[in-house]
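Student: One structure coming up, written as structure tokens, with questions to follow.
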Amino acid sequence: MANMIQLPCDGNGHCMVCNAKPPAEETLSCSTCAAPWHVPCLSSKPESMASVLQWQCPDCNLDAPVAAPVSSGNELVAAIRAIEADSTLTEQEKAWKRQELLGGKKVDQEGDDDDDEEKEGGDADKKGKKSAEMDALKLLGESFNCSFCMQLPERPVTTPCGHNFCLKCFQKWTGQQRKTTCAKCRANIPRKMAAQPRINSALVAAIRMARVSKFISDGAPARVYHFVHNQNRPDKAYRTERAKKTGKANAASGKIFVTVPPDHLGPIPAENDPERNQGVLVGECWEDRMECRQWGAHRPHVSGIHGQAEFGAQSVALSGGYQDDEDHGEWFLYTGSGGRDLSGNKRTNKDQSSDQKFEAANQSLRLSCIKGYPVRVVRSHKEKRSNYAPEAGVRYDGVYRVEKCWRKVGIQGFQVCRYLFIRCDNEPAPWTSDEHGDRPRPLPNIPELKKAKDLTERKDDPAWDFDEKSSRWTWKTPPPLSRLKVDPADPTQIRRARKAIKEAQTQSVTERLLKEFNCLICKQVMKEPVTTPCTHNFCKDCLEKKFPNKQFTVERSRAGRALRAKKNVLNCPCCPTDISDFLQDIKINSEVMAVIERLQAQFEEAKAASAAASAGESGEENPEPESKAKDSEGEGPKKRQKIDGSDSPSSPLHIQSPPIVAL
């Protein structure tokens, strides 16, 4: 058949032509895009085993003859081939023309002819600055596009070989025949990372910042949107003199830095943060639950639910305490508390011994479901099964709403309370580089509801809901009045924190982007960046200095006998992940290094242009008499040194990071 439709297999392995799931011996993978195809449904099959190894699918094989008669689809293929054959076009221009052909819209090519569009005077500086702001997103797109969907990844996953993919694309790739190699360079991927990939938070922040900078350049108001480094840390939790155990088993939490009562519902706004005047922002991280308590995100030290049965729930913590938990990022299934024997001196027990009931903390979540109250959610690094958990510490992920709650028989055979949480925050989640918050979304399909007991669903309008006029989540009805007193904040550090915020607001997009690529060891912009399997970024030299005399195996012997050598565990400097295999063959992340070099070049050009402009203005408006210059000859070098900025580091590698990044 000349006009036979040829389609590959879908993500579930079913052929899109015959709708059958072919066996492995009837499946053929393209050598270019690695897409699986059903051999019997192909119009032209490979002739020999040698051709199978280099076989290209109909979508990738541009040299394949076009079937006749010519249809609209064939006209599109012919137009694409004509663009590819045009030798007068560059690769970038070919990509633009292909996008215009497929999308039907003209591609905005602003920023590529900046030299032709610049004018003399102050207008040229403004246009150049706006062009630099707009080019930030384009710069990241040229280096960090996913190799599968060719888009900037909203939930980027970085392999140890330095290639970036969307989380869903990466999971589809590794799910096909359990592949553990990179789709771009075929380098080996650690099995642990292939099974549980973690999102690269530094790349998320950089992409989101570039998108927001484009949004601001279009005329939108600037805003503080992301807490990056949290370097201006408060007084940490301390151990009393009577505490004999190491660690923080008997620690006191220290002072509380927010002026909200312990039973405050919903987000913590800026007016309740007297030190920083920004509130608790989505994405803030703390070392442990003790520091998380100091900022009011989740008050209990151990318990996973903070709430009162007759008032509602303030917050929950996802820490992997129950096997029934399921985490899908924007929504998750949460298991209630109780049902475990903690008698005597048992502080923790993972074995379920009785049924859970809707009482105490479990009832508080049930009441929040009925009323539609927002619940703050923090994720802990202890949740090893989640792709969305941080690699270290505790992270605030915004507010969620309990949509349904029920009881079911858990994995261990006892009744457990279950809750469906849906994210409803005005700020984007820490794992997505999208620049806006949540929108109302339909409820997911929950198969276990078929056998659920005591199902509770909200019948009235929720108290916290989405306002279509303002496009924001807000209180539709006044929140319940607090019954507890407010913890006063210490105002001694307010002035220093506000000064740091003001300095951060005056920085350019290039400076803020460079700080997102700081090494986690030296706190400077990375030189020869490397990305570990746990998605932490370091300078290659800094990481090697952390293990100066590294030995990957340890020889063992006993009573004169030589035993089998034991593998030496080398943990990541930022988390307990074993990176000994990665240290044996460290690969530089070339994509990140290319972006850093281009950002540094832009920073130096902008700095030189600003210095030249300031020197020209000072020479025209305030001409200094020659006699006065001679009289102050001794002080001249010092003044020039201060104007040129040589007292401060001339390279962006030495920029000190402020406590926040503000736009």
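Heads up, the Cβ atoms here are built off N, Cα and C, so glycines get one too.
Annotations in TrEMBL come from automatic prediction, not curation.
From TrEMBL, here are the annotated features:
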{"type": "COMPBIAS", "residues": "100-109", "note": "compositional bias 'Basic and acidic residues'"}
{"type": "COMPBIAS", "residues": "110-120", "note": "compositional bias 'Acidic residues'"}
{"type": "COMPBIAS", "residues": "121-131", "note": "compositional bias 'Basic and acidic residues'"}
{"type": "COMPBIAS", "residues": "625-645", "note": "compositional bias 'Basic and acidic residues'"}
{"type": "DOMAIN", "residues": "146-186", "note": "domain 'RING-type'"}
{"type": "DOMAIN", "residues": "275-423", "note": "domain 'YDG'"}
{"type": "DOMAIN", "residues": "519-575", "note": "domain 'RING-type'"}
{"type": "REGION", "residues": "100-131", "note": "region 'Disordered'"}
{"type": "REGION", "residues": "609-663", "note": "region 'Disordered'"}
Student: Counting by DSSP secondary structure, give me helix, strand and coil numbers for the domain 'RING-type' (146-186).
Tutor: 12 helix, 7 strand, 22 coil
Student: For the domain 'YDG' (275-423), jot down how many residues DSSP puts in helix, in strand and in coil.
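Tutor: Output for the domain 'YDG' (275-423) reads 17 helix, 54 strand, 78 coil.
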Student: On average, what pLDDT score does this prediction assign to the domain 'RING-type' (146-186)?
Tutor: 82
Student: Treating G and I as helix alongside H, and B as strand alongside E, what does DSSP give for the domain 'RING-type' (519-575) in helix, strand and coil?
Tutor: 7 helix, 21 strand, 29 coil
